[in-house]
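First comes the structure, then the notes that go with it.
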Amino acid sequence: MTEFTYDVVIIGSGASGTTVAFEAQAAGLKVAIVEERSWGGTCVLRGCDPKKVLVGAAEARNLSTRLRGKGIKEEATISWTDLMAFKETFVEDVPESRLESFQEAGIETFFVPASFQNENTLQVGNDILNAKKIVIATGATPNTLKVEGQEHIQTSDDFLSLEKLPDSVVFIGGGYISFEFASIALAAGRDVHIIHHNSEPLKKFDPDFVAALVATLKEEGIHFHFDTDITKITKNSEKLHIEGKNSFSLETDLIIGATGRTPNIAHLALEKANIDYTKKGITVNEKLQTTNHAHIYACGDVAATKGAPLTPVVSMEAALVAKNILGGNEKIDYPAIPSVVFTSPKLASIGISMEEATANPEKYQIKNHDTTKWYTYRRTNEKIALAKIIEDRKTGQIKGAHFLSEEADYMINYVAILMKANLTLADLQSVIFAYPSPASDLTALN
Ligand SMILES: Cc1cc2nc3c(=O)[nH]c(=O)nc-3n(C[C@H](O)[C@H](O)[C@H](O)COP(=O)(O)OP(=O)(O)OC[C@H]3O[C@@H](n4cnc5c(N)ncnc54)[C@H](O)[C@@H]3O)c2cc1C
């Protein structure tokens, strides 16, 4: 056993832990980072980045399908093997290069699980680390559905490294991961099902646009089974058999569970350091300090903050933790956060919900546009393109927006800038956008 002492020890090398580590090191502090799985964390290895590579192939296939007979002869087909090999080029070097960049920066690294011994001391494998400040940035892992035969359910981690995509795939859960993966598997020509326990998937998005997305994906071939509670999964020969309440029954080759994520706190021995937590994660104040200790911080997916578990959000939290470690006294203040479901079409939202906007008609004006027939969307033969802009009635400033189209991710980012700058759509009349482009449609949403 060796004992080390640091100014800051960070547990977890994902987007949040990495941000804190580099900032603290750059300011001259003695920093160590601990990782138990692979250097780099979820986004780059098992989340956003590999997923978006697969989304790219789905986009290419879907565009070729939409333009077939309109200048394109053949529908593109996805080779899963080639696609996974391409995806791997984005992932395979990450752990080593992340480790090297820590080492080059002078950040000390420990590749073992960390747990608390007390509020200043961590057990890290056989070593003991003493630290003036500790940052818990341990992220989250996929939930397991508690059901008979649950061992047959695989996770998003498995989906993103599948060597072979079988003919039939069932996704359990009505969140964005299920929808995105289902859209990818559909583009790859598979028989795809989504099972959800209630009838409200993608709860954080505009219900009208969710309904339009579900209808479009249904038409494209995804089978939705809402209000379906799974009771049992069995495996006979090569097939998996799903049973549910009300005589539900379905046979498939692969089941991916995407029923939420649990903060990684179970193995941290938080009670030894008297750190409070709930099932939503580690309890923190607005400075992202844990409730009983000003010197222990938590950020990212493991922290029970108001921020969504999304990479740009966890990076923002981490940047604040770094500032506070370096003597700051800042409170987290989230701007409007855009979120996107990378299906085909994509669904995006930012700012206040439609529910809030419609409940306060004296305060908000909703501009509702069916843009399907607009040039931008006809050019690529999109089936559906919808937009809603929510404005403050008095100032005209944008308070929220919702999009459903292949360009929804770009549109929501433009709106994020407008919201940050407190600009109105009318202000854009004096901006010249490159034409034709999705941005040049913005002024017409007024
Ligand atoms: C399939 C999928 C798709 C996603 N797509 C998007 C997207 O498109 N856009 C977006 O913004 N976000 C997306 N996300 C969410 C995003 O990936 C996460 O919000 C983000 O990666 C969380 O970063 P983090 O630093 O909090 O945690 P993580 O990146 O999970 O890092 C935590 C690290 O801590 C380590 N660890 C845990 N416990 C210990 C311990 N006791 N000791 C040592 N190390 C430990 C873990 O091994 C892990 O490496 C996606 C997530 C998934 C799963």
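Here, residue 1 is simply the first one shown, and the rest follow in order.
Keep in mind that glycine also has a Cβ here, set from the backbone N, Cα and C atoms.
Curation plays no part in TrEMBL annotations; they are all automatic predictions.
TrEMBL lists 6-309 with the feature domain 'FAD/NAD(P)-binding'. For Cys43-Cys48, the entry in TrEMBL reads disulfide bond. Here TrEMBL flags Lys52, Asp301 as FAD binding site. Per TrEMBL, the feature NAD(+) binding site maps to Gly173, Gly174, Gly175, Tyr176, Ile177, Ser178, Phe179, Glu180, Gly260. Here TrEMBL flags 337-439 as domain 'Pyridine nucleotide-disulphide oxidoreductase dimerisation'.
Where TrEMBL records a feature, it is marked here on the structure.
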residue : record              : Cβ neighbours (10 Å)
Cys43   : disulfide bond      : 22
Cys48   : disulfide bond      : 16
Lys52   : FAD binding site    : 15
Gly173  : NAD(+) binding site : 23
Gly175  : NAD(+) binding site : 18
Ile177  : NAD(+) binding site : 22
Phe179  : NAD(+) binding site : 27
Gly260  : NAD(+) binding site : 12
Asp301  : FAD binding site    : 31
Measuring Cα to Cα, how many Å separate Lys52 (FAD binding site) from Cys43 (disulfide bond)?
10
Taking all residues of the domain 'Pyridine nucleotide-disulphide oxidoreductase dimerisation' (337-439) together, what is their mean pLDDT?
96
Binding-site residues whose CB lies under 6 angstroms from ligand 1, from Gly173, Gly175, Phe179, Gly260:
none
So of all those recorded positions, Cys43, Cys48, Asp301, which one's Cα sits nearest to Ile177 (NAD(+) binding site)?
Cys48
Check the DSSP secondary structure of Gly173 (NAD(+) binding site), expressed as helix, strand or coil.
coil
Taking DSSP as the reference, which of helix, strand or coil describes Gly260 (NAD(+) binding site)?
coil
Quick one: which residues besides Gly173, Gly174, Gly175, Tyr176, Ile177, Ser178, Phe179, Glu180, Gly260 have a Cβ within 8 Å of the NAD(+) site's Cβ centroid, in sequence order?
Phe171, Phe181, Pro201, Leu202, Ala258
List only the single closest residue to Gly260 (NAD(+) binding site), chosen from the recorded positions Cys43, Cys48, Asp301 by CA-CA distance.
Asp301
By DSSP, what is the split of the domain 'Pyridine nucleotide-disulphide oxidoreductase dimerisation' (337-439) into helix, strand and coil residues?
30 helix, 33 strand, 40 coil
Checking your reading of the structure: which of the recorded positions Cys43, Cys48, Asp301 lie inside a 10 Å Cα sphere centred on Phe179 (NAD(+) binding site)?
none
Measure from the Cα of Asp301 (FAD binding site) to the Cα of every one of the recorded positions Cys48, Gly173, Gly175, then give the nearest.
Cys48
